[in-house]
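Some features that Swiss-Prot has for this protein:
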type: SIGNAL; residues: 1-30; note: signal peptide
type: CARBOHYD; residues: Asn90; note: N-linked glycosylation site
type: CARBOHYD; residues: Asn115; note: N-linked glycosylation site
type: CARBOHYD; residues: Asn132; note: N-linked glycosylation site
type: CARBOHYD; residues: Asn170; note: N-linked glycosylation site
type: CARBOHYD; residues: Asn224; note: N-linked glycosylation site
type: CARBOHYD; residues: Asn452; note: N-linked glycosylation site
type: CARBOHYD; residues: Asn475; note: N-linked glycosylation site
type: CARBOHYD; residues: Asn639; note: N-linked glycosylation site
type: CARBOHYD; residues: Asn648; note: N-linked glycosylation site
type: REPEAT; residues: 699-754; note: repeat 'Kelch 2'
type: CARBOHYD; residues: Asn852; note: N-linked glycosylation site
type: CARBOHYD; residues: Asn877; note: N-linked glycosylation site
type: CARBOHYD; residues: Asn1006; note: N-linked glycosylation site
type: TRANSMEM; residues: 1170-1190; note: transmembrane segment
Amino acid sequence: MRESFASLLATGAGKLALSLLFAATPFTSAYTFNQVPSPNLDISNLGRIAFAGDFDSISLYEYEGQTQETPSRNGTLLSRYPNGVFASINTTDADIKAMCNLRINDTERIVFAGNFTGVGNMPTPGGIALLNTTDGRVRALDGLDGTVNTLYCDKSGGQVYVGGLFNGLNSSNAIIWKDGWQELDFNGFNGAVHSIAQAAGGNIIFGGEFTGIGRGNASVASENATQIIPISSANISAQTNSGLPGFTDPKVIACKSDYSSGGAGQTWLLANNAPGFWKADFGFGFEPTRLKMYNTDFEGRGTKTFRFTALPDGGIMNMSYVDPSNGRTAYCDARCPLPQGNKTAQDFTFVNVVGMNSFRVDISEWYGSGAGLNGIQLFQDAMFSYAVNDFNEAQNCGASGTLSKASSTGNWQVSPSHNSNSQYLTTVLQGDPIRPDAASVTFSPDIKQSGNYSVTIYTPGCQGDGTCGSRGRVNVTATIGQGQSEEAILWQTNNFDKYDEVYNGYIDAAGGFQPSVILRPASGQGPGPLTVVAQRVRFTLLKATSGNINGLFEYKPGEKLDENNLADSVINAAGASLDPRGKALITSVSSSGQNLYVAGNFSNNDGRNNIFSFKQGASDPTALPNRGLNRQVMTLYQNDSMLYVGGNFTNTGEGNVQGLNGVAALVNDKWQPLGAGVNGVVLYLVPFSLNVTANQPEQVLAVSGFFDSVNEFNGNPSTNVQDFAVWVPSRSNWLHNLDFFTLAMSGRLMTFADVPGGERWFGGSVSSGSLLASGTAELNNGDDALSLEAFPVNLQAQQSGEAGVPSRKRAILEGQDMSTTGVRTGKFHTEGNNNMTILAGHFSTTGTDQQNITNLVIVDGGDSDKITGFSDELDANSTFTALAVTSNNILFAGGMVTGRLDNSRVAGLVTYDLTAKRFTPVQPPPLQGPNITVNAIAPRPNSNDVFVAGQFLTAGSLGCAAVCIWNTERNQWNSPGNSLSGVVSSLTWISDTQMYISGNLTSGDNVTTILSFNPSNNQFTAIPGAINLPGPVNALTIANEDGSQFWAAGQGSDGTAYLQRYNGEQQWMPVDSALFGPGTDIRGIQVIQVSENHESSDLISDNEDLLLMGQIQIPNFGTVSAALFNGTNLVPFLLATKGADGQTTDGSLSSIFVEFPAFFSQQNGKHLALWAIVLIGLAIALVLTFLLVVAGILLEWYRNKAKGYSPAPQSYPDRMGNVGRLPPEQLFGTLSVPRSRPTNYLFTCTALCIGMDVPTIHRRCNPVAHHKQLPAWTEQVRTEQTTETRPAINEDGCGTSIGGLLFRLPFSRARRISGDDVFDTILACSS
C-alpha cells in the first residue's frame, strides 16, 4: 500500500535537541565532505556577540554542500557531516521506507526503496534504487510497477529480497534482485508484504497482508472481471472508403447496440479492391486482453485478413483464436483471418499484454469487391473508472447493466496527459483554509461480482504539468459496502506517475450495489493556490487464497515449494492460527540470535496479542510476557538483548505495566517503559550515535511517529515535541530532559543501513543544525575556532492573542505585522557590575520561579542565570523591537507595545528598573498615532536624554513625530524639532553631539533616507545623496573611526535589496546588486575585523568584513541567514531554519547585539585584557595625582618665598594651656552630626553655575524667601516671577531667584568673597 508518512502526519516536522559533541570523534566516511575555509573573524573587540531572529536551529557554514534549504517534505537520503549535522545527499518525492547494504563488485552499495517515483529528477518506477556510497550517485532499478515496503540484503547470496505492493516479471509483491530481477519460486503473494527477515536457520520470513502465494493481484480470468474499452471516445480515422452513401463513416462500427447488424449507417466499407486501415487514437492508455471483430457480408464484401498494430510502439500483436473450421486454437500476427459470411464475432486473445494508447487495424485481403467491418470491440482484464467521463464505458455500446462512470463538483479542467497514462482533471483552489468540499470527483466502477478486490488510485506526476510547488494532500474515501467506507490521506507531490492502494478486501456487489471512491482536498491546507488532480481508479479482482496462509510465510531457499505442505512450517501454522482469520496484519519481523519476533495487529487465545516470538528449533510459537501488548505494534528494533517496540499500544495485554504508551522495551522477558512513552503512535525506531558523555559515542534511539508530547515521569515534566523524540538508554531518559550542549533536529528518521567500515546512512526527512536555539544564539571564538552557544532559556513561539500557548513560528519580514513570533533584539548589560542578557520580541517562556514570561526575558548571569522578565503586566500580543539601558540601571523597551501599568495606559515604550526588578513608578506617557511602533532607542552619551524613534505622531500630548526625547531627570518628553516626520528604522550616535537617523524620512520639505542630527542646536542635516538611495534604509552601521563613513542597506521599490557605502565625501559606493538573489531581505549589518587580511577593495578595508543578516539569497547557493561581504563576494556564514505548520522552512536573523558596540574605538592594534586596562588607568591616575601634588607644593613654596613668609616658631611650652577655652566635646561633638547649612547662601563660583537653569538651582538649593539674610556682597537686581525656565548664567555673573526676587552674583564679587562664604555656598548648592 502506497502510504506516505506525511499522510499519517497532518502536522509534520518536529523538533528536538540532540547532543553536539560529534566533532570530538569525526566519522570515518568513504563519502567525503570538504571543509570550507575559516572566515578568520576576530570578534574579541566586540566582547560577547549574539544574534536575534526567527529560527529554531542555527549552524555555522562549515562544509561544502551544507545549506539552509530544508529537505524534501517527503523523503531524503541522509548521511552526516563530520560535525554531526545531517547531510542531504539526494531527495525523493515520497518516503524512503527501507534500506540495506550490499557489496557489489567489491564496492559497498546501499539499496533503498519506498513509495517514491523519482530520486532528484531521475524517474524510479517501482520505488527502488541503488546508491554508490563512494560518490553518492544513484541508479534506478527499473522493472517494478508499484511501491516497495521492505528489503532484506542477503550478503552471502549477493542478492536482495524485495517486498511491497508491486508487479514485476510474473511476480507480485515479492521478488529478488541479483544483478537484475529474478522471480521467487512461488511468484509472490496475493497481498502486500511489509517486512522480510532471515531466521537463525537461514530461512526467509515474509510478513504482511496476504492469504495466499502466487501472482496475487493478477486479474481473475472471468467474463465478470473484464471491461469494455470505450472505443467510441477515441479519435477514429480510416484510409480509403467505398464512397457508397451510408458506408463511409468509420465511427459507426465503434459503438452499436447490436454489433452483428449491418447496412447503411451501421457498416464501414473500404474502397473497392484496395487495402486500407481503421485507426483509433485515445486520450488514455490501456492494456487490452481481448478483441472482437464483426465482419460484414454486404453484397458479398468482407475482410479476409488483417493485423492489429499497437501504437505508438508500432508492434504487431500476436493473438490466438479458435479456428471455426476445426474448433482448435490457432495463432496469428500479420495475417489474422476473418471468416466470410460470419454473422457473429470472431474472438481473438492477445498472447502478450501490451500497453498502448492507440491502435490500427490494417486490412490486407478481402472478399468480393472489397473489405469492410460491421463492428469492433476491445476488452481489458481490469476495471477502471476515469475522472474524464468520456473515457468510461459508453451507453448503448454493447455493455449491459451498471457502467463505470465519474461525476464531479467544483471547477475542473481537462489537462493533457503530458508524460502520464491519460488525460486527467485539474482544479486550482484558493482559501485559508481551503474547504474540503470546494471540489470533488466521485469514481464509480463497473463491478459485476462480489469478491476480494484491490482498489488503487492513480496520480499523474507533477513534473509534467509543472505544479509541484502547489500540489498538496487529498482525502480519498472508498465506499465498499452499504454503510462501510475506508479513508486515506494521500500526497499528490509525486514527480512522476504513481498509484496508491486505498483498499484491499471484500466488496459485496450483490443487490446492485455499486462501490465508489471520492477524491477531495484534505482538510487543514491553505492558503492557496492548491492544485488537485484526479485521473483514474482501478478495481482488481484478486485470486482465491492458496494454502493456509495468514500474513506470515516461511521460505526455504533452494528447496522446491510444495503448496500442499505449507502447513508443515511452524511459522506458517502460527500465522494461520491468528485472529482475525485471513485478515491478520504482520507489520514487522525481526531476527536476533535464536529468536524471531513477529509483530502487527492480531490476537490469539494463547496470549499472542500483537506480538510473539519463535525460538530456533521450537515446535510452537511463544507468547511474550503479560499476554503481549493491548494494541497494534508498528515497528521493532533489536539491540543486543533488548527489543524496542513501537506502535499504538498503551499497556500490556493484561494491563499491568504502566507507562507503555506507544513505545516500550522488552528486557530479560520483562516489559519496561521508556519514561512514560508518548501521547500518540510510534511508527519508526532508528538508532544513531551521539557523544552523550564527552568523547564516548553511544547509541541512542530516534522515535518518530504521530505524537505531540513526551509524557511526564519521575519528576520529568511533560514536554511538547512534534512527532520526534530521542531516547538515551544509558541515562534511561529522553534527551531533552538531559542538560547538554545541543544540536537541533526536526523531521523524522524512518530507516537506516550501515556500511562496513564506513558511516551509517539514513532515510527520512530531516533538517538539522549544529545548535538548537529558539530565536537567539551567541557566537564564541574559543581555541581559534568559531562556535555557537545557546542561552540558558527555552523560548516558545506564540501567536497573537495566545500568550503562553506554544505554536509554530512565523517569519518576521519587512512589512508584516510585528505581532508574529521571534526574538527581535537583545542587549548585554554589563555596566555597574551587572551581567545580564536581555532578549525581546514575541515569545513566551517560564521563569526560574515558574512564572509565565512573555516577550521580554532577562537572564541574570550574576545570579546563577536566574530567569525573570515581563509577565502578564502588558498585553501578551505585544512585540518588542528595541532595547536600551541607562546608567541608572533603567531598561527602556519599545516596539509594538500596549497595556496598562498601575492602571495607566502605555503604548510603544515602557521602562523597567533592573535593580528593583519592577516597572518604574513613572512611565513615559504613551506614544500615539496609527500603527505605533518603536524601532530604535538610543540614550545620548553623557546626558539624561533618551532618544526614541519609530512610527508615531505624538508622545503624550507633545507633538514629536518619528523621534522624541525622554528626559530621565525631569521625566518628560521633549521634541528635537517640529520639522521631522516619517518612519525611523535606526538611530546611531557618533558622538554626544552627532547622531545618524535612518529610515523613510521627511525633514521640512526634504524627503530623504538618512539625516544627521545635532542635539546642541536641534538641527537636522540631510546626508548628501541619501535621497537617491533605491529605497528606505532598514539597517545602518558605522564604517570608520570618526563616523563620517557608514554602510546602509534596504530594499528598493521593486523589492530588490541594496547595500551601499557612504565615503564621507558626498559619494555613495554601491555593492553590485547581482550579488543578491531575488527575495533578499537585509535586516542588520555589522563591521567585523578579520585576523587575516583578504584581497583589498575600494569598498572595505582588507582587515574587515561586513556581516549581513536577514534572509540573504546568494546566487548559485541558496538562502542563508547571515553572510560575510569581503568587498568582492558574499560568503555564507550562518544557516538557520525553523519549524512551521508541519514543515521546516528557512529561518531569518533580524539583528546582532554585542557587548561593546563602539567597534572602531577599540579596533586599532592589539587589544589588552580588561584587567590590564584597569591597572594601567589606575597607575596613570596615581602618577598624575602625585605630579599635581608635587607641583602644588612647589608653587606654594615659591609664592610664600616671594612674599617673604617664614616658618612660624615650633615650640609648644604649654600644650594644654588653651584646652579650657574650647572643650574637646564641643570641638569634636558635632563631627557625627550633619553640618547646618544656611539656606541663604545660594550662590557659588562660576564653575558651579555654568550650565544650570533656574529649576535646577531651585531644586538643588532649596531656595526660601530669606533674601534679607543674604551676604552683603550680593546685589538685588530686580523682582520678577520665576516660573519660566531661563539661564542662570549670563555674561557677568551667576544669578537665581529666591522668594520671587532675582539675585545676581557678579564675577568680580565672586572673586572677592571670603573662603567661608564660598565653602557654605558650595555646600548649599551641591545638595
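Even glycines carry a Cβ here, placed using N, Cα and C.
Distribution of Swiss-Prot features across the structure.
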{"residue": "Asn90", "record": "N-linked glycosylation site", "DSSP class": "strand"}
{"residue": "Asn115", "record": "N-linked glycosylation site", "DSSP class": "coil"}
{"residue": "Asn170", "record": "N-linked glycosylation site", "DSSP class": "coil"}
{"residue": "Asn452", "record": "N-linked glycosylation site", "DSSP class": "strand"}
{"residue": "Asn475", "record": "N-linked glycosylation site", "DSSP class": "strand"}
{"residue": "Asn639", "record": "N-linked glycosylation site", "DSSP class": "strand"}
{"residue": "Asn648", "record": "N-linked glycosylation site", "DSSP class": "coil"}
{"residue": "Asn852", "record": "N-linked glycosylation site", "DSSP class": "strand"}
{"residue": "Asn877", "record": "N-linked glycosylation site", "DSSP class": "coil"}
{"residue": "Asn1006", "record": "N-linked glycosylation site", "DSSP class": "strand"}
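Separating the Cα atoms of Asn648 (N-linked glycosylation site) and Asn639 (N-linked glycosylation site) is a whole-number distance of 21 Å. The two recorded residues, Asn115 (N-linked glycosylation site) and Asn90 (N-linked glycosylation site), show a Cα separation of 15 Å.
DSSP assigns Asn132 (N-linked glycosylation site) to a strand. Considering only the glycosylation sites Asn452, Asn475, Asn852, Asn877, Asn1006, the residue whose Cα is spatially closest to the Cα of Asn132 (N-linked glycosylation site) is Asn475. Each residue contributes its Cα atom, and for Asn475 (N-linked glycosylation site) and Asn452 (N-linked glycosylation site) these two points are 23 Å apart.
For Asn452 (N-linked glycosylation site), the spatially nearest entry among the glycosylation sites Asn90, Asn170, Asn639, Asn852, Asn1006 is Asn170, judged by CA separation. Using a 10 Å Cα-Cα cut-off from Asn1006 (N-linked glycosylation site), none of the glycosylation sites among Asn90, Asn170, Asn639, Asn852, Asn877 qualify. It is Asn639, among the glycosylation sites Asn452, Asn475, Asn639, whose Cβ has the fewest other Cβ atoms within 10 Å in the structure shown. Applying DSSP to the repeat 'Kelch 2' (699-754) sorts its residues as follows: 6 helix, 34 strand, 16 coil.
In this structure, the CA atom of Asn877 (N-linked glycosylation site) is 14 Å away from the CA atom of Asn852 (N-linked glycosylation site). Its own atom aside, the Cβ of Asn170 (N-linked glycosylation site) has 12 Cβ atoms within 10 angstroms in the protein chains shown.
The Cβ of Asn90 (N-linked glycosylation site) lies under 8 Å from the Cβ of Thr76, Leu77, Val119, Gly120, Leu131, Gly136, Val138, each on the same chain and at least six residues away in sequence.
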